[in-house]
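Asker: For reference, TrEMBL lists these features for the protein:
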- 95-115: transmembrane segment (TRANSMEM)
- 102-242: domain 'Sodium/calcium exchanger membrane region' (DOMAIN)
- 136-158: transmembrane segment (TRANSMEM)
- 164-187: transmembrane segment (TRANSMEM)
- 199-218: transmembrane segment (TRANSMEM)
- 230-248: transmembrane segment (TRANSMEM)
- 362-380: transmembrane segment (TRANSMEM)
- 392-412: transmembrane segment (TRANSMEM)
- 424-441: transmembrane segment (TRANSMEM)
- 426-576: domain 'Sodium/calcium exchanger membrane region' (DOMAIN)
- 447-469: transmembrane segment (TRANSMEM)
- 490-516: transmembrane segment (TRANSMEM)
- 528-552: transmembrane segment (TRANSMEM)
- 559-578: transmembrane segment (TRANSMEM)
Amino acid sequence: MSAGVYLSVLLVISCHQQQQQVTAGSRVGSAGWASNTTRAGMFKNTNNECDHVMNVSAADRCTFVKTTPDCSIEDGFINYLRVAFCLLPPNLTPLTVTLCIVWLLFLFVILGLTASKFFCPNLSAISTSLHLTHNVAGVTFLALGNGAPDIFSAIAAFSNPHTAGLAVGALFGAGIFVTTVVAGSVALVKPFTVASRPFLRDVTFYMVAVYWTFFMLYRGTTTMKETFGYLGLYVVYVLTVIISAYIYNRQKHSMNSSVSSVTHIPAELDSSDSSDYDVPCLNGGTIQQEYESEYRPLLPFSESTSQILLSSLNPVDNRKWRRKPWSWRVFKVLKTPLEVLLLLCIPVVDPDKEDKNWKRPLNCLHLVTAPLVCVLTFQSGKYGDHMIQGQFPVWLLTLLLGLFLSAIVFCSTTNDRPPKYHPLFALLGFVVSAGLISAAASEVVSLLHMLGVVLSLSNTVLGLTLLAWGNSIGDCFSDITIARQGYPRMAISACFGGIIFNMVFGVGLGCLVQMIKTHTDVEFEVDGLLTWVLAGSLGLSLVLSFVIVPLCQFKMYRVYGIFLLFFYGIFLLIALLTELGKIHI
């Protein structure tokens with residue numbers, strides 16, 4: 001759905017609901033605020049009185065938001081409920097909602113850009129420095145990099161009982177979206193034969209994670225021990241991947257040594273295991289080096305410090321610019337200012353380059369800007385204006401220490417050779433990018449909560465639609481691109497492998513953080529029938545994949561891709577009808 005159509009639909013819903021709610025508000029008045037029934041939240045005994053704001057008259061909504069404790073926020077930089085009802089006059093609330101939706105799209109761009117351009121490359125550099133194998137790095141650091149928006153969004157949603165439904169909706173909704181829309185699109189783009197054992201392994205572990213989550217929701221509670229056991233499920237998955245890789249390599253080695261006359265591995269073994277371990281890495285390391293060598297100057301040339309700084313802050317590659325379509329260029333122009341700001345704050349280490357992406361003036365500047373960003377974004381800037389003994393601000397101390405350290409590094413290094421401690425900049429970039437992703441995820445959750453109040457939609461339906469789509473659309477395009485390039489097995493492995501990590505760590509860490517804050521067990525209360533529709537649909541899609549794909553001899557045909565897309569359409573229709581009350585028990 002295009003952005004224009006999407007905004008128009010939301011505006012129509014907003015205007016229609018405002019007309020209904022203004023009439024209801026004139027009848028209810030301020031005396032009826034406490035008598036209305038609120039929607040059940042994710043945790044027990046946490047009715048949100050702020051949901052009643054649409055039941056009062058438009059003129060009284062700003063006062064209601066300012067005086068109701070549930071309308072105040074602890075996480076996030078902006079109180080979006082006050083923005084919606086107090087920034088502009090009541091008759092311009094649709095305009096405010098539209099501006100907030102534009103800001104939501106911008107936050108999704110921040111999440112995606114920070115994760116893809118800074119968080120993932122630094123995690124890759126860290127795994128390279130630790131000399132991890134491709135399998136271990138893929139199911140740990142790479143999974144964390146790809147799932148960072150989902151995980152941080154889930155943790156931010158679980159931090160507030162009123163927004164916890166967003167986490168469940170987003171994780172289950174993203175799971176359905178990836179296993180149906182993304183997997184179906186890969187099958188439509190390039191029909192192929194999936195690797196049997198890795199596919200069955202990933203689907204089995206994901207089904208266990210989904211049904212474990214379903215069991216926790218059904219029971220209504222979870223303890224600290226159960227949460228650690230839930231997180232331990234991914235440890236078992238990682239060990240299974242490592243053991244599978246070891247067994248596969250042993251089989252491959254023994255087969256090559258015993259049958260020396262055979263020049264290739266039998267198709268059965270190759271089709272069952274090789275996609276996890278033998279597919280070429282698409283990070284473009286070797287290709288990038290060859291690409292850059294063509295444009296390397298014949299005569300030695302050394303840039304000055306100022307030239308290095310300016311070139312390192314330029315996110316536009318002129319050679320790539322000429323080969324890209326106009327749509328890519330327009331989007332690149334729009335996000336270039338954001339990329340420049342991120343380049344100023346986040347260091348990136350690239351082990352595939354000769355200089356490891358060492359930019360002496362910029363990296364020295366990072367020692368000043370990166371700690372400041374960490375201080376100003378940690379827990380939504382709570383410690384940014386904190387005073388040490390009531391006299392010295394924390395941000396000023398951080399600035400002075402950064403300047404001192406930057407001066408030492410600048411004076412002790414050269415432009416053409418990275419220092420031995422340069423890999424530590426990857427750790428710094430990882431911390432800063434994680435902080436920015438966490439801050440942006442908190443803003444997304446707060447903003448979606450406001451949209452749920454204004455449009456009278458539950459957090460669960462917002463999670464399975466807006467939040468799930470926003471966090472998964474990047475995976476959708478990247479997996480389809482990988483399939484078009486001739487690697488559909490890698491794309492389908494990414495569909496099922498990554499969401500296991502997102503589900504386990506999203507729910508597990510969210511519950512763990514909530515337990516640490518409250519020192520009590522987490523208690524769940526499902527958001528009506530919609531949660532069961534969501535969990536049941538995801539479980540059904542996994543069971544169908546577990547049964548149909550082996551029956552088709554592990555061949556993903558276009559017909560199966562169409563079936564998956566049709567399944568998602570039916571699920572979305574049932575979910576929306578359930579939210580609107582057309583389907584009920």
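From the backbone N, Cα and C atoms, a Cβ is placed for every residue, glycine too.
Because TrEMBL annotations are produced automatically, they should be read as predictions rather than curated entries.
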Asker: Could you give me the DSSP helix, strand and coil counts for the domain 'Sodium/calcium exchanger membrane region' (102-242)?
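Answerer: Final tally across the stretch: 124 helix, 4 strand, 13 coil.
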Asker: So, taking each listed stretch (164-187, 362-380, 528-552) in turn and counting its Cβ pairs to the transmembrane segment (447-469) that are under 8 angstroms, which one gives the highest count?
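Answerer: It is 164-187, which has the most Cβ pairs under 8 Å.
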Asker: If you count Cβ pairs under 8 Å, which stretch among 164-187, 362-380, 490-516, 559-578 touches the transmembrane segment (230-248) the most?
Answerer: 490-516
